[in-house]
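Annotated in Swiss-Prot:
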type: COMPBIAS; residues: 63-80; note: compositional bias 'Low complexity'
type: DOMAIN; residues: 235-622; note: domain 'GRAS'
type: REGION; residues: 62-90; note: region 'Disordered'
type: REGION; residues: 179-203; note: region 'Disordered'
type: REGION; residues: 242-311; note: region 'Leucine repeat I (LRI)'
type: REGION; residues: 330-398; note: region 'VHIID'
type: REGION; residues: 413-448; note: region 'Leucine repeat II (LRII)'
type: REGION; residues: 458-545; note: region 'PFYRE'
type: REGION; residues: 548-622; note: region 'SAW'
type: MOTIF; residues: 361-365; note: motif 'VHIID'
Amino acid sequence: MPLPFEQFQGKGVLGFLDSSSSPGYKIWANPEKLHGRVEEDLCFVVNNGGFSEPTSVLDSVRSPSPFVSSSTTTLSSSHGGPSGGGAAAATFSGADGKCDQMGFEDLDGVLSGGSPGQEQSIFRLIMAGDVVDPGSEFVGFDIGSGSDPVIDNPNPLFGYGFPFQNAPEEEKFQISINPNPGFFSDPPSSPPAKRLNSGQPGSQHLQWVFPFSDPGHESHDPFLTPPKIAGEDQNDQDQSAVIIDQLFSAAAELTTNGGDNNPVLAQGILARLNHNLNNNNDDTNNNPKPPFHRAASYITEALHSLLQDSSLSPPSLSPPQNLIFRIAAYRAFSETSPFLQFVNFTANQTILESFEGFDRIHIVDFDIGYGGQWASLIQELAGKRNRSSSAPSLKITAFASPSTVSDEFELRFTEENLRSFAGETGVSFEIELLNMEILLNPTYWPLSLFRSSEKEAIAVNLPISSMVSGYLPLILRFLKQISPNVVVCSDRSCDRNNDAPFPNGVINALQYYTSLLESLDSGNLNNAEAATSIERFCVQPSIQKLLTNRYRWMERSPPWRSLFGQCGFTPVTLSQTAETQAEYLLQRNPMRGFHLEKRQSSSPSLVLCWQRKELVTVSAWKC
């Protein structure tokens, strides 16, 4: 029976995952258990360079059975009883490292705030902007079958609200962003090891090991001139120039080889920068800082976390309540900016067009998030089933690289809500969660990843921002083997400078996120808390992830489009329907300044821009 949200207010974590009583969490904070082992995004190493045994279903896979999770939902599945709907999020039991099972009905009740008799799925809350009323009218998202649209929004799902939005001030949770980067290991039978970025001097126990040979490039040139960002007047230009120079210098000191004083110099630069950003931008009159200064502040924090080498510390626990706030921020971002819906709907339209005539659909997703992208796809398949009494079955294989308990909790949460949503719509559905590390060695590639019959179509969702650049060739090698019908990629301008030194990448990130924050400010959000939530739970972690990945992989690598071409992939022109749908999406959005560009260069793509500044690009590829 769903538990009311009030029962959980004021607690450190949700009642059924209380860190004060659950020994499962203590394994992550126990220095004895953590000594000699650091978990990585893709794998982990130990002091002697060997591999430790996995203690979680999402730990590194070392056996021929690399499954994280596999579940199936069909029309006949039961979603309330222990056999059908009892999805589980994993918590760690301290003794054996195995996962305890926890029901999601409780969390769903917490998030929806509804009574036991009220059908309110949190997945509907997440996807209020992506799932639409089947009765709405729209000329897009049609693959020739007269299917209903997916982006028109007089939607009853918007009627649901988060019960915690108006919580009393004293009862609101205190949230902290806990970036948890890790290290890369060299799996069995992988290519030769790569030169390391050793981080702080004196860090001798933990080695950063990479699976590629050194191409012969120096990792950076700290004396390159940073690009400039113009302000509104001469004073703003002068202030911006100082901030850019300080960020560039701090990044250069972080990455200069040799010299034990470099971290000290970087720390001093960042301290002065933080002081200048705070003194020059007084928001005592409730005037928010300009986007440029906010972006600079977030980047300063990210560089400081790299300076502190927080990756060597035990991972900080992220309470399950953080998931609630991240979902709220995700929804606010989706409702405010066309960014997420543009990416999701354009990708889904391209995927649907590649699936016509197939009985089975297999999605390989490298960034499943909360699963929201697939809500409209599931709804479209349900619509086809209602029109023709038959529809393709859907399977999703999600590659994940969780590094904390909360990540695994989030994945299980996503899995359960996708299964429940598919069950409600009557779509035959399977989902499998796999550790991304298995792709580093073909020995561990499960047969379930390959096409099972000629009637099965495979599509890949590959956001470039979800990849560490050095691992992209290995991912493409795997994709070449499964021969997908289409690979849909989304990327941002800050994802394309892997051939530039790290300091230049920092300035490129500053430019990009300044534009993104400017676009969000143009929406004039009436809810200041929503604006703060978007930046705290969407923008700031994105900056941290971008710079952490760049810092971990210093070697310059070719542009990702060049790698696609070298691996045998060719670009595909996006359809007129996809373009029309994207145009309509922008027309519906109340925010002005966004526009669409269609590029027909070496790789045709649709580009979402704001004030002629590129925000995100979607392209399609085939092999």
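Glycine residues also receive a Cβ, built from the backbone N, Cα and C atoms like all the rest.
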Helix, strand and coil counts within the region 'SAW' (548-622) (DSSP): 25 helix, 25 strand, 25 coil
Tally of DSSP helical, extended and coil residues in the region 'PFYRE' (458-545): 58 helix, 12 strand, 18 coil
Secondary structure content of the motif 'VHIID' (361-365), with strand meaning DSSP E or B: 0 helix, 5 strand, 0 coil
Taken over the motif 'VHIID' (361-365), the model's mean pLDDT: 95
